[in-house]
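These notes are about the structure you will find just below.
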């Protein structure tokens with residue numbers, strides 16, 4: 001056991017093996033430390049050496065640790081093979097890319113060909129549809145022509161009467177004379193043209209007693225009247241002027257009667273004769289009362305009930321402006337509606353005064369009897385009480401400061417001079433007119449003079465006495481311009497006048513102004529009105545309106561019209577059949593006689609009056625929708641044949657409530673040939689276009705080598721006498737359609753826009769339908785009109801540089817409305833009323849002295865007629881507002897520049913009428 005233990009603890013000897021282990025551990029630690037020391041010392045030195053000498057080495061040395069180039073790699077055979085493969089692949093890729101680009105180019109060309117083919121197919125389809133529409137329209141027109149049973153009317157062929165008169169029985173008394181028993185209709189055929197023969201008063205003794213001013217004014221009017229003829233054998237009516245007489249040399253009634261009966265064409269009873277006794281003064285006497293005038297008609301300002309024959313005699317207005325035009329510059333504005341005085345009256349009652357009634361007369365017994373109740377005292381008491389109450393400012397004076405004017409008994413004489421009376425009426429909302437106390441006196445020169453002065457300055461007449469016969473009362477609706485109140489209602493007059501609204505006041509003032517300007521203001525108006533009344537009574541149409549003769553400027557045509565893609569592209573829209581037949585004019589003079597028979601009151605009580613026969617009007621009656629399918633369908637083109645529809649059906653027919661028609665483009669230009677040619681070319685292929693009238697405003701003619709485009713319709717170049725913007729509104733005889741598209745030479749409208757405007761206008765023919773809108777408002781700080789061209793949600797004007805309107809309504813009527821302004825000025829016209837995207841014309845603003853260029857020049861306008869005060873209000877209408885009637889003219893008194901985009905217009909200038 002002991003021995004075993006020793007071997008186990010040491011084996012050979014005690015402690016041997018632990019020493020060996022200890023020595024080997026020491027040696028390994030020493031070598032490890034030495035190795036680390038060598039690495040840490042020598043390796044940085046070696047690295048430092050190579051880093052500092054690398055720049056001096058050659059390229060090969062530098063690439064010891066970097067990649068080698070391709071050439072060096074290709075030295076190896078395998079690498080060279082790879083390089084050849086890469087080059088081959090690159091070349092093939094280049095060839096494939098070239099082929100791909102070539103194929104893409106071919107594909108693009110084929111796509112273009114496909115698109116062109118598609119477009120050609122679409123165009124062919126459109127052309128086919130157009131041809132089908134044209135064929136359909138032509139067949140429809142042919143059927144209408146074959147089935148037509150109503151002849152087309154034109155201007156009446158003039159038929160003249162025979163020299164000899166037909167005989168017919170005399171009435172029992174001259175007082176019973178009416179047209180049916182005292183007028184010879186055989187001398188006045190419907191198509192005679194209403195010839196009138198006027199006696200020369202100087203050939204008869206009483207001619208030396210006539211008032212020189214009356215006589216001179218009458219002769220001047222006769223010389224220019226279209227109805228007057230020098231051939232007495234064909235005359236329908238014979239006229240003789242017998243007054244106003246001058247008092248010192250006035251002939252006796254018996255002498256005047258003998259001279260009348262000795263007229264060469266009196267024919268024993270004076271039938272078809274008209275005796276005119278004009279009065280220039282309120283004291284004119286009724287000397288014809290004592291004269292037997294037989295069957296002759298009488299026209300004067302004073303009548304008694306036993307003398308006046310309703311429907312036969314004529315009550316005329318006084319001839320105040322005998323030889324002079326009224327001063328329109330002195331006419332007060334129509335607004336403000338209410339003036340300083342609610343009403344005014346100045347006069348003195350004439351109880352007993354020398355008059356023609358003091359002469360012996362054949363009708364004296366007939367006017368004698370119990371006098372009716374005299375309300376004059378009650379009138380005086382009531383009006384004085386109103387004045388003393390001071391509820392309203394009123395002015396009433398029943399005694400004249402100076403000697404009153406001579407007048408008839410029981411009549412209220414005028415006080416003071418005419419200018420003084422007008423100044424008072426300018427401050428009065430209403431003007432009282434008290435009829436004479438003698439109820440047998442149905443009208444007097446004094447009452448007619450008061451009525452004339454009130455209408456002239458815009459004071460609404462209030463006539464006390466319902467028995468009065470106002471001038472031209474059988475054709476004029478006086479209730480639209482005056483208040484006619486029975487005298488027993490004098491106690492209610494104040495209440496009645498206070499209850500009238502401003503709207504009604506202004507409407508009555510406008511109508512009164514229209515009546516005064518049309519029938520009262522000048523000697524020519526008075527004489528024309530007298531003839532028009534007789535002509536209307538016997539149902540003879542008026543003379544046709546004269547049109548402006550167009551002087552054509554020769555020009556060469558033939559250049560094929562180009563195509564502007566921006567203007568001609570209408571998408572897939574078929575705008576309507578392009579007419580292959582020659583352009584057709586609007587039918588004319590279809591209502592020659594019905595206008596005189598049916599529209600008497602409308603013609604007499606709305607502008608421009610009854611003095612002319614128009615070829616057509618925008619107010620012609622419209623058939624109900626079913627009539628066009630039940631025998632009255634001539635000319636109509638209902639949409640879808642009457643079934644309606646949209647898209648193709650709407651495009652194929654014009655539709656509407658009136659027969660088919662075309663329109664004329666009137667283009668105003670001034671020495672801008674290139675712009676003009678481009679604008680004309682854009683009209684190529686425009687449906688329903690009749691012709692183009694180019695108004696050449698320049699005194700310099702177009703270039704001789706200028707080649708005008710061929711757009712499929714005639715182009716008429718009209719030469720004007722002077723440079724005026726009004727030339728676009730002249731009624732040129734070359735315009736043969738009712739519809740006119742007035743457009744500037746630089747205006748850009750697509751065909752679909754034009755067609756949309758044309759369709760809209762056809763449903764509102766009395767309006768103007770246009771595109772460029774403006775806005776106006778009253779500028780309180782500056783007391784002037786503010787004109788704004790900036791964008792606004794509320795629009796009230798439309799410029800006529802791109803607008804549809806009716807030839808008669810806005811050419812003929814306007815030429816008759818403002819001749820004294822249109823002759824003297826160059827005007828720029830703007831009109832207004834909003835409806836959706838279009839703007840309807842009920843206003844006319846006139847700006848004068850156009851200087852410099854276009855918009856900037858408008859800021860420096862000056863109005864030479866700045867005191868012309870025919871004013872009426874401007875009305876704002878939202879752009880999305882409903883259609884409503886507005887006044888016809890816009891006033892402007894003063895125009896001054898403001899900020900950019902704004903104009904300033906003064907409070908009132910050119911006002912005319914509502915409708």
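Placement of Cβ uses the backbone N, Cα and C atoms for every residue, glycine included.
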Transmembrane segment per TrEMBL - which of 785-806, 807-828, 829-850: 829-850
From 6-28, 29-51, the residue range that TrEMBL assigns the feature transmembrane segment: 29-51
Mean of the pLDDT scores, which run from 0 to 100, over the domain 'Exostosin GT47' (192-500): 87
Tally of residues which DSSP labels helix, strand or coil - the domain 'Glycosyl transferase 64' (663-808): 28 helix, 55 strand, 63 coil
